[in-house]
Amino acid sequence: MTTTSDQNAAAPPRFDGLRALFINATLKRSPELSHTDGLIERSSGIMREHGVQVDTLRAVDHDIATGVWPDMTEHGWATDEWPALYRRVLDAHILVLCGPIWLGDNSSVMKRVIERLYACSSLLNEDGQYAYYGRAGGCLITGNEDGVKHCAMNVLYSLQHLGYTIPPQADAGWIGEAGPGPSYLDPGSGGPENDFTNRNTTFMTFNLMHIAQMLRAPAASRPTAINAPSGTPAAGRTSPTPTTDSQRRSRVARWLVAGEFRLLSHLCSRGSKVGELAQDTRTSLKTSWYLLGPAFVAAIAYVDPGNVAANVSSGAQFGYLLLWVIVAANVMAALVQYLSAKLGLVTGRSLPEAIGKRMGRPARLAYWAQAEIVAMATDVAEVIGGAIALRIMFNLPLPIGGIITGVVSLLLLTIQDRRGQRLFERVITALLLVIAIGFTASFFVVTPPPNAVLGGLAPRFQGTESVLLAAAIMGATVMPHAVYLHSGLARDRHGHPDPGPQRRRLLRVTRWDVGLAMLIAGGVNAAMLLVAALNMRGRGDTASIEGAYHAVHDTLGATIAVLFAVGLLASGLASSSVGAYAGAMIMQGLLHWSVPMLVRRLITLGPALAILTLGFDPTRTLVLSQVVLSFGIPFAVLPLVKLTGSPAVMGGDTNHRATTWVGWVVAVMVSLLNVMLIYLTVTG
């Protein structure tokens, strides 16, 4: 007969909720083979099997500046990716530093990583504790020369000095034949089959998971005293259950750890009293401006060339009639974007990852196919918009303009890939401001009548054509690729904080981020319609974007027309790079595939160049691209509302019931409007 204790003993331990970061300090850039990756795969594989969420990064792939300040761009360096990488460090309960031996010592990359960790060691968290408090650290070393223990002890000393908790047996390594002997993954090395290395790696991995789980446990669940010896009941207890020597040793160890935890808690709770000696993270976060950015990248999708076509057509044909649609669409979009960012912050997963996790492989492939088609249709529209702007400004052939747009957008993506998300956000935000200036500059010449503007806020239609344009505005505003992307942007920028003050703060900042970004995007969309209503109403040559440019030129002058074209160009360039970024995130989240950005750029550029070369009407193509986008809206918005309203997914941060109901209303309404757009377009 199997007892309950036997069943518990047989069940493998689970460490769900823990997150680990492995930093590989190899000197080889990706995709070169790193032998250290072999040991990382063994340890991280064990963690994944037991429920730990694992993140890995190769430090040499990133532009980490030399120095001992949190952000070296504030101390003379042009670029520094460490602030973005540091968020991944803070997101992890377990940090494992891994690297090779060089001349009997750690690599220069390892030393740089430790220096930058040291640079942030005086920062405090929201509870006034030092940043690395309550986290576990370990290391993995590979090489074919003496020094594995020397390197490991240097790393472990550094980690404990910085504030990490180091469990017993917190290191593992493999050392091959000294000299030019084989390295860990070389054929015949015996590295992956080495019992000693595998055993130590397993010990290290489980010790890290156990200590990290204990450090995260609520205080009430931690042991506070050693059990009294058998036969000697402690005060207030009935006679205790007899314990074995191994159980006593285990309890003593847990008690010692708990005592260390209480001592550290007492000391670190006084962190606010030693503010003069340490830089509080709240010093750099005392204003929320530092944390703004992800929503501004997502907002580019709301001012792309498709929006220009829909808004200008609406204003030229119906004046101020459909202004209310723009306002309503942006309010709905703000809710959708906030829910997307919230999902990324709370779960640590992008929307594609969260959806894919709940699907089998055939369903994931089908879902990925529709999402990628939508992302590619978006990218085609953005390239065409940029090509139109270049033809307006420089009289370039449309195919040449498309190539230039594709190349420039690739350069923007390179900024994100090489220089980090923060700089990418700054560049995209700058382009958003250029777009805003380009489409609002006309108000310095002629302002719309206030009464007419207020009249446009009253919901109403004038015939079937106005309904079609309203659906087009809605379809051009709530963009599926922006919904997918924003969840990943928020996670990558802010990390995945544990429940508590830090998460609440980041959610508040996210609401500000979304609110400000959507206010700018909504203002730009409204400006497009108002400019068209004021200057193009009744003209017969505004059916295309180029016709709208000429109308602006004739009514407002060359300067305003040039600014209009510059705004359109910035819209095409920025939205094209953001669309390609979203496509990569969709593929990574659903299929766990990564395609080089250049290859992806060429794939999506091909259809756009073919359309431009074959002489299809560019503006008509933009309209049709919005129809393709309409197919993807329900697949993005409906799962988002379901996931963020699920306590199983969001825990204590699940949507309020009212928010969920409003979310469902918005999701269904947007989906129905897009179905209507498809129907009206197909039926003419």
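Quick reminder: no glycine exception, Cβ is built from N, Cα and C everywhere.
Residues annotated as region 'Disordered' in Swiss-Prot: 223-250.
Residues or ranges marked as transmembrane segment by Swiss-Prot on the basis of sequence analysis: 283-303 (among others).
If you look up Swiss-Prot, you'll see 318-340 (among others) marked as transmembrane segment.
Remote same-chain partners of the transmembrane segment (365-387), defined as residues 6 or more beyond its termini with a Cβ less than 8 Å from a stretch Cβ, comprise 301, 304-306, 308, 352, 355-356, 359, 396, 398-402, 404-406, 408-409, 479-481, 484, 545, 568-569, 571-573, 575-576, 579-580, 582-583, 586-587, 590-591, 603-605, 607-609, 611-612, 618, 621-622, 625-626, 628-629, 631-632, 635-636. As annotated by Swiss-Prot, transmembrane segment applies to 365-387 (among others), with the evidence given as sequence analysis.
Residues of the same chain lying 6 or more positions beyond the ends of the transmembrane segment (391-413) and with a Cβ under 8 Å from any Cβ of it are 382-384, 424, 427-428, 546, 549, 562, 565-566, 568-569, 572-574, 576-577, 580-581, 597-598, 601, 605, 608-609, 612-613, 618. Taken from Swiss-Prot, the feature transmembrane segment covers 391-413 (among others), and the record attributes it to sequence analysis.
Within the chain carrying the transmembrane segment (427-446), a Cβ under 8 angstroms from the stretch's Cβ atoms is held by residues 293, 296-297, 299-300, 303, 412, 415, 517, 520-521, 523-524, 527-528, 530-531, 534-535, 552, 556-557, 559-560, 563-568, 570-571, 573-574, 577-578, all 6 or more beyond its ends. Positions annotated as transmembrane segment by Swiss-Prot: 427-446 (among others).
Annotated transmembrane segment per Swiss-Prot: 467-489 (among others), in sequence order.
According to Swiss-Prot, the feature transmembrane segment maps to 514-534 (among others), an assignment based on sequence analysis.
Sequence-remote contacts of a segment are chain residues at least 6 beyond its ends whose Cβ falls under 8 Å from one of its Cβ atoms, and for the transmembrane segment (555-577) they are 300-301, 303-305, 307-308, 378-379, 382-390, 392-393, 405-406, 408-410, 412-413, 416, 428, 431-432, 434-439, 441-442, 445-446, 531, 535-536, 545, 548-549. Taken from Swiss-Prot, the feature transmembrane segment covers 555-577 (among others), and the record attributes it to sequence analysis.
Listed as Cβ neighbours of the transmembrane segment (597-616) (distance under 8 Å, sequence separation of 6 or more from its ends, same chain) are residues 375-376, 379-380, 383-384, 387, 398-399, 401-403, 406, 409-410, 413-414, 417, 579-580, 583-584. For 597-616 (among others), the entry in Swiss-Prot reads transmembrane segment, with the evidence type sequence analysis.
The feature transmembrane segment is assigned by Swiss-Prot to 621-643 (among others).
The transmembrane segment annotation in Swiss-Prot covers 656-678 (among others) and rests on sequence analysis.
Sequence-remote contacts of a segment are chain residues at least 6 beyond its ends whose Cβ falls under 8 Å from one of its Cβ atoms, and for the transmembrane segment (514-534) they are 292, 295-296, 298-299, 302-303, 307-308, 311-316, 318-320, 322-323, 326-327, 329-330, 333-334, 337-338, 341, 432-433, 435-436, 439-440, 442-443, 446, 448, 452-453, 456, 473, 477, 542, 548, 552, 564. Long-range Cβ contacts of the transmembrane segment (318-340) within its own chain (Cβ-Cβ under 8 Å, at least 6 residues beyond either end) map to 295, 298-299, 302, 311, 351, 448, 452-453, 455-462, 466, 469-470, 473-474, 477-478, 482-484, 486-487, 490, 510-511, 514-515, 517-518, 521-522, 525-526, 529-530, 533, 537, 637, 640-641, 644, 655, 662-663, 666-667, 669-670.
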